[in-house]
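Trainee: Features from Swiss-Prot:
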- R49, T50, R99, H126, Q129, S252, P253: carbamoyl phosphate binding site (BINDING)
- K77, R159, R211: L-aspartate binding site (BINDING)
Amino acid sequence: MKNLLSMEALTVHEIEHLLEQAAQFKHGKKATFKEQTFAVNMFFEPSTRTHTSFEVAEKKLGVEVISFDASSSSMTKGETLYDTLLTMQAVGVNVAVIRHSDENYYAGLENLDIAIVNGGDGCGEHPSQSLLDLFTIKEQFGTFQGLKIAIVGDIRHSRVANSNMKVLKRLGAELFFSGPREWFDDSYLAYGTYLSIDEMVEKVDVMMLLRVQHERHSGTERFTKASYHEKFGLTEERAMKLKEDAIIMHPSPVNRDVEIADSLVESEKSRIVTQMTNGVFIRMAILEVILKEKSRRAKVCTY
């Protein structure tokens, strides 16, 4: 695996290998690189969980993290992302984790020698979040085959939903969608069934809630926080109807009492904090696999 750009680019075998490596890290596996290794985290959109968990993952692996601030870089002078990465490559940086507001920003960057990990591209994909979601689900249920999984909320604007719906169907899960119709596209019906949240709540194994992404909406929104919560959110009353072994997930940040009742965020069924914890281990696995492959290819080229 040279880069991690999208979930669609991963084979099922590669996904399973990453999940297994993450499990090993969670259970105490240690890993460092023999050669000095450098990473740069280039975030052009705000981030808490993805940014910090990648940095923790890098440091746990013994990777040296190079500071980068987009607002003080030469990109403010018109330098392209390609040329910025070419610079990073030239000075010896091995891997770049990038979050960008543009979908498919990585087109044309794949042939650079520096490895690229997509930390989220606009409304496109968020592969490391998708992998940590898979890791969390597999920890709970041991399989994806036959699981009923609900994806609820601002689906159209969610890169997490875009990544998850495709891979979960590939892995054998049955998907259900819910949320405002104007934030849903009929093309998603290729992956699952649209229902109201009340129609699905009693049947699903995983209730995956999505943040209302106000920053990606144009025009006036027709929902207040209270009205959205009442119509589309996981209220305390709805949560009481969940199956006994069902779990609640959310990629965060959470809008409490909008997508999910405040009292449910840290409830017994919630795996929201677990997802954050698992993010470090899956990102360690991603970096280890990519950097070891990069090292292997470099050695082959020297012979």
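Every residue gets a Cβ built from N, Cα and C, even glycine.
Worth saying up front: this structure is predicted, and the values here are computed from it rather than measured.
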Trainee: An 8 Å radius from the center of the R49, T50, R99, H126, Q129, S252, P253 Cβ atoms defines the neighbourhood of the carbamoyl phosphate site; name the other residues of that chain inside it, in order.
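Mentor: Everything else in range on the chain: S47, T48, G119, G120, V160, P251.
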Trainee: In angstrom units, rounded to an integer, how far apart are the Cα atoms of P253 (carbamoyl phosphate binding site) and R211 (L-aspartate binding site)?
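Mentor: Rounded to the nearest whole number, the Cα-Cα distance is 7 Å.
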Trainee: Return one of helix, strand or coil for R99 (carbamoyl phosphate binding site), based on DSSP.
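Mentor: Its secondary structure by DSSP: strand.
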Trainee: Could you tell me which of these binding-site residues, T50, Q129, S252, has the fewest other Cβ atoms within 10 Å of its Cβ?
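Mentor: So among T50, Q129, S252, the binding-site residues given, the one with the fewest Cβ atoms within 10 Å is S252.
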Trainee: At its widest, how many Å does the recorded carbamoyl phosphate site span between Cα atoms of R49, T50, R99, H126, Q129, S252, P253?
Mentor: 16
Trainee: Using Cβ-Cβ distances, find the residues under 8 Å from R99 (carbamoyl phosphate binding site) that belong to the same chain and are at least 6 apart in sequence, listing them in sequence order.
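Mentor: Counting only residues 6 or more apart in sequence, the Cβ neighbours of R99 (carbamoyl phosphate binding site) under 8 Å are M42, F43, F44, E45, S47, T50, H51, G119, G120, D121.
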Trainee: Could you tell me which three-state DSSP class R211 (L-aspartate binding site) falls into?
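Mentor: DSSP assigns R211 (L-aspartate binding site) to coil.
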Trainee: Check the Cα-Cα distances from H126 (carbamoyl phosphate binding site) to the binding-site residues K77, R159, R211 and tell me which is shortest.
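Mentor: Answer for the nearest of the binding-site residues: R159.
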Trainee: Of these binding-site residues, R49, K77, R159, which scores lowest on Cβ atoms within 10 Å?
Mentor: K77
Trainee: Among all chains shown, work out which of the binding-site residues H126, R211 has the most CB atoms within 10 A of its CB.
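Mentor: Of H126, R211, the one with the most crowded Cβ is H126.
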Trainee: I'd like the Cβ neighbour count for P253 (carbamoyl phosphate binding site), meaning other Cβ atoms within 10 Å of its Cβ, all protein chains included.
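Mentor: I count 11 other Cβ atoms within 10 Å of it.
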Trainee: With H, G and I counted as helix, E and B as strand and the rest as coil, say where DSSP puts R159 (L-aspartate binding site).
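Mentor: Looking at the DSSP assignment, R159 (L-aspartate binding site) belongs to a helix.
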Trainee: Please name which of the binding-site residues listed here, R49, Q129, S252, is nearest in space to R211 (L-aspartate binding site), Cα against Cα.
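Mentor: Closest by Cα distance to R211 (L-aspartate binding site) among the binding-site residues R49, Q129, S252: S252.
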